[in-house]
Amino acid sequence: MAEAEGISSATPTEETNDAGNLMDFLDEPFPDVGTYEDFHTIDWLREKSRDTDRHRKITSKSKESIWEFIKSLLDAWSGWLVMLLIGLLSGTLAGVIDLAVDWMTDLKEGVCLSALWYSHEQCCWTSNETTFADRDKCPQWQKWAELMTGYTEGAGVYLLNYFLYVLWALFFSFLAVSLVRVFAPYACGSGIPEIKTILSGFIIRGYLGKWTLLIKTVTLVLAVSSGLSLGKEGPLVHVACCCGNLFCSLFSKYSKNEGKRREVLSAAAAAGVSVAFGAPIGGVLFSLEEVSYYFPLKTLWRSFFAALVAAFTLRSINPFGNNRLVLFYVEYHTPWYMAELVPFILLGVFGGLWGTLFIRCNIAWCRRRKTTLLGKYPVLEVIVVTGITAVLAFPNPYTRRSTSELISELFNDCGSLESSQLCDYINNPNMSRPVDDIPDRPAGPGVYSALWQLTLALVFKIVITIFTFGMKIPSGLFIPSMAVGAIAGRIVGIAVEQMAYHHHDWIIFKNWCRPGADCVTPGLYAMVGAAACLGGVTRMTVSLVVIMFELTGGLEYIVPLMAAAVTSKWVADAFGKEGIYEAHIQLNGYPYLDQDEFTHRTLATDVMRPRRNEPPLALLTQDSTTVEDVETLIKDTDYNGFPVVVSHESERLIGFVQRRDLILAIKSARQKQDGVVSNSVVHFTEDAPQIPASNPQPLKLRRILNLSPFTVTDHTPMETVVDIFRKLGLRQCLVTRSGRLLGIITKKDVLRHMAQMMNQDPESIMFN
């Protein structure tokens, strides 16, 4: 089921070497050299060097003939072609997911008799009997109880609709968790923590495979439609990255180079956010700020192109029927005032506190899930949480509907044509104003009723999201976080609006809020609250503000959004530096080096291996180790590579060889050549000495030797070593003194040391 993420698919070069040039056997490439094992870290420097060599070879060949020149042009344009394909596929999938979610969410409540595949809104669009006042009611759309019993009112009808709503929710979630469990275990969760880790150079085979793409797309629709407190935006980034990985396999430039592949995946992540929020620029900034580890300028341009194509494709599909890229596009007609910065900043404080509370509670619950019986029954957990969610959500109209529709209603400004309960204000019969300039009015009974329901919805969303995120189904966190903030923001917005109306003579309102003026926009407070809560959970700043203004089209509201986002981050960082994705990376033990400063005064010699009382370093010598010795060393150890020295006496460093390359080279040599036996000497030198004819033929492996491994001295501060590992993406670093090898520091050693310095469990770093 799981495809290899980084296995190259070259075919062996058939050669017939005679005994005279046996030693040159490895001067030609052979399959899989330079690839990595599952759950290992790539060597960024080696990948960059290999791509430079490839590019140099193509450039030199392009001068030989017209055909080679055309091939070089095709190679140069392959990156743009991959971006085009990623944008087209991810935009199409996002459009299909949006349409399917709308239909299946409405299916829990009723069915369209004129066309079964129509959602509630589409069904009533096509009806001639629909009136503007009751645009959600039409004879073609019937609730399940009405269809079964013929009645539209009464306790029995309500209970039957209630029961069927819960039943549909349980069916959708059971189907989702079953498909994930049976066909693609990697399709669960948000996917962003793993995408961050993969982009930092980690190999998780199958995580971006075809099965994962297919199952995640299908189960994402089911999970969102079930009514659970989750969103599709985070998982859409995973879906887009799966598309990127799929198209990488079509071009050897990307399939054979893990570093180049990650440039494509960075752009794919931008396309994912572009179609998730309808925010192409925000998508590029999200990839740069939040998920990418290595983001050169060329990747910036290509990310922009992929995000543009994806957004254009989604816009062409028009899944929401409003000619917009998102469901909750709004336009406000009132400017904001300086005095409103106070409630905006308070919403930022709320967002930071909510982010901290959510991360701590969710991580504690996920840790409990890992260490108790709860983790052994993921299907039962999903069923139970879905049942509780559906039972509690149905009675409240604000939790019954999809979360995206809830946010859309909370963001909306109350015009004269709005029929929402939130717009039930008491109108002045003498009012004669343009439609877009409605003055502040006293709240009617509908608004007060809505406030109570929203307060209950807020508590419900806060609690249930903690238990939902991290279950074995696709689950995004963007939309639930925005919903919590939008509810809180709308409540605050209505409160400020009513204060301004009833107390317009107070000094804070006197300068900007006169009687009969349209002063306060509660929908704007909902938007600011949504940004604050999303920022508190993810610690996004720049990309968050851009996504929010692209979402809503409110360019003039950037300052309130910035104030809330910055306050939210400051407050949340005061309780802990890591966002939800970093927390889940740490929980899962992925080898991810975050960008926080390392301030402890330790040296390379304190971290390198071997330590005191540990066995000496496993070494290879340049010309005195036999094939049998190498095979024994590989069998007895599980190291990812071995330093090569002049001799055991001098231990002067020559280079470094990867374990996987050694295994493949010896296996290939034994299969193809008769002269290679167990006591053949392995040479890493340029020229092997003359040997008697009676001796077995040596094996020359200089081609797989890295002659320029990264080295530091034993007195290099760890602050510098950590910085080197971060910025160069090193897999390991050798420690020397005057050219003599002392030890080795791996990425895992750095992570263990950093965990120890922060008084955390160093054994939490599980992977190599």
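Quick reminder: no glycine exception, Cβ is built from N, Cα and C everywhere.
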Range annotated as transmembrane segment in TrEMBL, from 236-252, 559-575: 236-252
Integer mean pLDDT for the domain 'CBS' (705-763): 88
The domain 'CBS' (608-672), counted residue by residue under DSSP: helix, strand, coil: 24 helix, 17 strand, 24 coil
Number of helical, extended and coil residues in the domain 'CBS' (705-763), per DSSP: 24 helix, 19 strand, 16 coil
Recorded stretch, among 77-101, 162-184, 204-224, 379-398, 450-470, maximising Cβ pairs under 8 Å relative to the transmembrane segment (264-288): 77-101
Dominant neighbour of the transmembrane segment (77-101) in 162-184, 204-224, 379-398, 450-470, by Cβ pairs under 8 Å: 204-224
